[in-house]
Amino acid sequence: MSDDQLIAVKPAIAATAHVTVEQHAAMTQAAAADPEAFWGKEAGRVAWIKPPTRIKNTSFTGDVSIRWFEDGELNASVSCLDRHLATRGDQVAIIWEGDNPASDAKVTYKDLHARVCRLANALRELGVKKGDRVCIYLPMIVEAAVAMLACARVGAIHSIVFGGFSPDSLASRIQDSECSVLITADEGRRGGRTVALKTNADEALRTCPSIRAVVVVKNTGAAVPMQAGRDHWYDEITTGQPAQCAPEPMNAEDPLFILYTSGSTGKPKGVLHTTGGYLVWASYTHELVFDYKPGEIYWCTADIGWVTGHTYIVYGPLANGATTLMFEGVPNYPSVSRFWEVVDKHQVNIFYTAPTAIRALMRDGEGPVTKTSRKSLRILGSVGEPINPEAWLWYYRVVGEERCPIVDTWWQTETGGILISPLPGAVAQKPGSATLPLPGVMPALVDAEGNRLEGATEGNLVILDSWPGQARTVYGDHERFIQTYFSTFPGTYFTGDGARRDADGYWWITGRVDDVINVSGHRMGTAEIESALVAHPKVAEAAVVGMPHDLKGQGIYCYVTLKTGEEPTEALRKELVAWVRKEIGPIAAPDAIQWAPGLPKTRSGKIMRRILRKIAANETEALGDTSTLADPGVVQELVANRVG
Ligand code: 6R9
């Protein structure tokens with residue numbers, strides 16, 4: 001795609017946009033010149049018990065300390081609920097659309113407030129106090145949002161674990177942050193199938209002594225065992241609770257939530273976000289990037305188990321008094337028209353999804369899209385991985401009929417919210433480019449040695465200074481936070497992504513430069529999959545890399561060395577795929593397993609992943625320098641037996 005293909009800002013959008021071209025430039029300038037003044041003003045987006053007087057106190061060097069609005073006091077649930085009651089208590093806060101197209105529900109701000117207060121009171125009765133960790137392992141039902149906000153109400157730190165994760169993955173996350181309560185459901189529903197959440201939870205809890213109580217939402221009504229004294233039905237403990245609950249006053253820097261995410265090494269990290277800065281960022285970005293106007297119907301298709309669900313289904317939209325749609329299902333059930341049918345059914349104006357969904361739907365052609373109206377759509381968004389220009393253009397032409405701007409939003413769990421994205425009324429788009437940083441965000445490119453690169457070039461993407469939504473630490477391991485994000489290029493936040501900046505100053509994210517792979521927008525650490533593989537009794541060694549994949553963006557390619565005497569059979573291959581699914585979850589299921597009698601290693605024993613990535617990608621003519629290998633013959637063997 002040429003860097004020059006500009007899709008101009010649409011006059012109809014610009015005419016009413018929150019931010020115009022001129023304002024974008026002025027805001028960018030103002031935020032850079034005087035961050036204190038700029039963010040001091042933006043802090044007014046949320047409801048403070050005690051407004052902050054100290055705005056920014058951040059350092060990316062030494063012990064790395066990030067503090068925003070540090071003398072302010074607030075409660076996130078009040079900003080998302082109470083303050084809307086007078087003006088829009090009867091407005092719908094959440095439209096819930098079930099997996100089954102016949103089931104849906106509408107929850108007003110007044111209803112949501114009451115439901116949150118009832119659960120918050122019940123949590124307090126279970127002994128939950130400010131600072132306690134509560135794990136949420138729920139499907140995409142209204143109770144998931146209620147649970148998040150009820151935790152915020154009582155000052156508990158929520159840690160949501162995606163419902164698709166295995167009992168082992170759930171257990172390790174509960175153990176790491178020593179959660180005292182788990183909120184789950186009997187079962188989840190997705191694509192016409194059920195997910196055995198309570199059964200998974202029971203298995204996980206065998207190794208989670210910190211859990212004192214389990215709250216179980218009756219969702220499908222399936223019979224599940226309840227452990228007396230530990231397990232409580234959600235309905236039983238919330239019915240009869242008062243519909244009011246005094247919010248816990250929180251310092252701006254008190255934690256709001258932990259969310260586990262994969263990195264290049266070790267176990268997933270508990271990324272920690274605090275209350276004030278995160279909420280301001282969620283509100284600021286949701287309003288500006290989606291140009292959200294009161295009364296509009298906004299739909300983000302993410303799962304609440306990922307950061308996108310946190311910031312752009314719950315906190316951002318509700319802080320802004322929006323109507324947010326929560327979808328329990330999948331894009332292709334009961335048919336591949338589902339997304340667009342839901343858009344028509346609920347008259348969705350703003351639609352935010354992932355490139356992997358767009359690529360999957362493209363395969364079925366335009367018919368399933370064009371048979372729907374989609375006239376309500378005004379803005380389309382993309383998140384989770386680089387969107388290839390073909391998918392961008394299809395989304396733009398077929399779904400949005402060239403009427404809707406596309407906001408390709410680059411950000412991460414650690415950034416709390418969007419950092420690089422067009423604003424619909426202010427920034428012309430280029431298919432495949434995340435375009436420009438939001439006002440207040442300072443990206444830069446550095447080479448491998450950390451030298452700043454200027455002009456049109458490509459390099460490692462770093463951020464030079466803090467923004468309010470930034471993660472503050474890794475739960476229980478600040479040293480790991482410093483090591484992971486601030487030691488590679490000292491003095492800057494290292495994103496782990498590579499990027500290119502073109503001659504117009506537009507940013508093109510090229511993907512991860514570390515050992516993290518992005519499968520359908522889900523971050524997976526190759527180290528996690530490797531350790532799952534070597535935990536199998538027949539596996540001696542494993543190396544995992546990403547490979548190009550038409551639908552998923554990246555697929556999981558595993559090189560496996562078996563223990564002496566073990567036979568590489570098709571049955572064993574299937575067994576290993578099932579093993580990894582069970583150990584981590586279905587999203588980690590390998591796409592290819594290649595039997596590797598040996599792995600290419602340097603003389604010091606380091607696996608040369610660069611070579612393994614090339615073989616997996618079938619770029620075997622350009623393997624690069626193999627002279628430092630201990631045994632170059634290994635490479636020929638692997639090339640000859642590449643799978644797929
Ligand atoms: C929000 C989210 C973060 C990683 C990130 C990058 C990739 C996300 C992107 C994108 C290109 C975009 N990524 N959005 N790459 N263009 N618009 O996805 O958070 O799950 O932590 O993943 O996803 O590689 O580093 P998270």
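Yeah, the Cβs are placed from backbone N, Cα and C, and that goes for glycine too.
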Need one residue: from Arg397, Arg480, Arg523, the one TrEMBL lists with Gly384, Glu385, Pro386, Asp408, Thr409, Trp410, Trp411, Gln412, Thr413, Asp497, Arg512 for ATP.
Arg523
According to TrEMBL, which candidate in Asn200, Asn320, Asn332 joins Arg190, Gly191, Gly192, Arg193, Thr308, Ser520, Arg581 at the CoA site:
Asn332
For a quick check of packing: other C-beta atoms within 10 Å of the C-beta of Thr409 (ATP binding site), how many?
25
Between Ser520 (CoA binding site) and Gly384 (ATP binding site), what C-alpha distance do you get in Å?
8
Would you mind splitting the domain 'AMP-binding enzyme C-terminal' (528-606) into helix, strand and coil residue counts from DSSP?
24 helix, 27 strand, 28 coil
With ATP as the bound species and Gly384, Glu385, Pro386, Asp408, Thr409, Trp410, Trp411, Gln412, Thr413, Asp497, Arg512, Arg523 as its recorded binding residues, calculate the greatest Cα-Cα distance and give it in Å as a whole number.
18
Measure the Cβ-based neighbour count of Arg193 (CoA binding site), defined as the other Cβ atoms within 10 Å of its Cβ.
11
Candidate binding-site residues Gly192, Arg193, Thr308, His536, pick with smallest Cα gap to Thr413 (ATP binding site):
Thr308
